[in-house]
Amino acid sequence: MMNILLINGPNLNLLGTREPEIYGNKTLSDIEKDLTKVAKEKSINLECFQSNYEGEIVDKIQESVKSIQGILINAGAFTHTSISIRDALVGSKIPFVELHISNIFSREDFRKESFLTDKAIGIISGFGISSYSLALEGIIGYLSSKD
């Protein structure tokens, strides 16, 4: 069975209440339940992890090296600031898809730079909550083609 890790960064635990005009009304728990169901239907084990702390995200990536085949990451604000998360992802050699609910390239200038994009196998941005399912489809397709 393929094992995929979903990582959500800072403030994504506030989905459903935080700026619903940008991020929608679904909670992170709703998203995780829906995505886990889709993954299970495809015989994939999806592990979900959220942290507001950069070091915890780095630790999770490092701990996953032997058990996870692919990562989906919505690093939130860490997308634009975290070299340590970038280094952990690169060092892990686990293929990853960067995802964002909003289109980060159509927002404030500081959100247009990502420390992850050039190392990701792909990026999904701007499709609302559907960005999660699109990213899952993308990583499954990528990993399946590598078998």
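Don't overthink the numbers, they just go from 1 along the chain as shown.
Glycine is no exception: its Cβ is also placed from the backbone N, Cα and C atoms.
Taken from Swiss-Prot as is:
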- Tyr23: active site, proton acceptor (ACT_SITE)
- His100: active site, proton donor (ACT_SITE)
- Asn74, His80, Asp87, Ile101, Ser102, Arg111: substrate binding site (BINDING)
- Arg18: site 'Transition state stabilizer' (SITE)
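Swiss-Prot feature annotations superimposed on the structure.
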residue	record	Cβ contacts under 8 Å, 6 or more apart
Arg18	site 'Transition state stabilizer'	Asn11
Asn74	substrate binding site	Ile7, Asn8, Gly9, Leu12, Glu98, Leu99, His100, Ile101, Ser131, Tyr132
Asp87	substrate binding site	none
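Considering only the binding-site residues Ile101, Ser102, the Cβ with the fewest other Cβ atoms within 10 Å is that of Ser102. Here the recorded positions are His80, His100, and the one with the most other Cβ atoms within 10 Å of its Cβ is His100.
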